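Following: one structure in structure tokens, then a few remarks.
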Amino acid sequence: MKIYLVGGAVRDALLGLSVKDRDWVVVGSTPQEMLDAGYQQVGRDFPVFLHPQTHEEYALARTERKSGSGYTGFTCYTAPDVTLEDDLKRRDLTINALAQDDNGEIIDPYNGLGDLQNRLLRHVSPAFGEDPLRVLRVARFAARYAHLGFRIADETLTLMREMTHAGELEHLTPERVWKETESALTTRNPQVFFQVLRDCGALRVLFPEIDALFGVPAPARWHPEIDTGIHTLMTLSMAAMLSPQVDVRFATLCHDLGKGLTPPELWPRHHGHGPAGVKLVEQLCQRLRVPNEIRDLARLVAEFHDLIRTFPMLNPKTIVKLFDSIDAWRKPQRVEQLALTSEADVRGRTGFESADYPQGRWLREGWEVAQSVPTKAVVEAGFKGVEIREELTRRRIAAVASWKEQRCPKPD
């Protein structure tokens, strides 16, 4: 029996990154030997065991054979004669097909070290094309390591295109698509994930609402980058700098979906694209089974992002109504989330990346003023039933009006 550290732990250690999870491959053993040594078996489809002390995963070396469609259509074979090289060959990328023995020596049968040095994401073998999930995984790795200068090898991107055109991605379940997307949204450069999907044709298959934005022009005066698809990825990049929250990043990604519905004869203007985009947000989220909280914020951002940008022109009643519409009284975090997504929208434009965004500050300040109006004082004043709500709203409007007069500049 020989045990090797494999995969991401080896890769990230070589890149000088922190290692979170460690996976091990066991060569020359059997399930019974593992059980006799005190390991606990957890894998149903193939033998995976938990170490009795560390609870890290130890998998018997195995090979895989395509036996059906999609990413689940594989038959696994494991036996003591399966070699380490056999096991590593089934992995997706060469940089993930590295192993380390107990002496610290790196085993590299597929030139993963060379590709690490050259910052290349390259598939190990043609078997890559048998698993459509790998298209998303490579896009996610490209996003995860973009800051280190990684790029996808030309032959791997070509294979990803062939897989997409062959309809392989249609076998992916919504849950797996969302899981990979959610992971990509946590990376430093989530926009790279969607750009890679577009480069291989997968964006049109998995995110048609986003793909439809490319080639749709916006007024050059407000959007020097012109293309709405490019603007969308720029805003996502900016959102990633402003917030680590997946819901903020996803909502930013979806903020302009309504522009994809504008008839070409009306370009480059997109009047009413915010409310129009709400249905597309709902459509996308329902298809991918996006969690409700993330979906709800994306809907609100699509509907109200343009309104927040015009904050100095809003009257106090509209401002308080906005807080009502986003349910800020029960979910105050939404004010900050909308401020961040709106800022990402404004700064996600060519030449505006470092622009100040006072509207975000005013939105936050206006909220602090409105929510500081005490409900208790209204009740003690003798108001009852529905009158309490009406009087509280009136006092909030008055407070916001007073604040706005002093702090928020009047529009020209």
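Each Cβ is built from the backbone N, Cα and C atoms, and glycine gets one as well.
Taken verbatim from Swiss-Prot:
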- GLY8, ARG11, ARG91, ARG137, ARG140: ATP binding site (BINDING)
- GLY8, ARG11, ARG91, ARG137, ARG140: CTP binding site (BINDING)
- ASP21, ASP23: Mg(2+) binding site (BINDING)
- 228-329: domain 'HD' (DOMAIN)
Cβ neighbours within the same chain of ASP21 (Mg(2+) binding site) - under 8 Å, at least six residues apart: GLY8, ALA9, GLU56
Residue pair ARG11 (ATP binding site), ASP23 (Mg(2+) binding site) - Cα distance, angstrom, rounded: 12
Between ASP23 (Mg(2+) binding site) and ARG140 (ATP binding site): CA-CA distance (Å): 20
Integer Cα-Cα distance in angstrom, ASP23 (Mg(2+) binding site) to ARG137 (ATP binding site): 18
Long-range Cβ environment of ARG137 (ATP binding site), under 8 Å and at least 6 residues apart: ASP92, GLU180
CB within-chain contacts under 8 A for ARG91 (ATP binding site), separation at least 6: GLY7, ALA97, VAL124
Cβ packing number for ARG11 (ATP binding site), 10 Å threshold: 21
Where ASP23 (Mg(2+) binding site) falls in three-state DSSP terms: strand
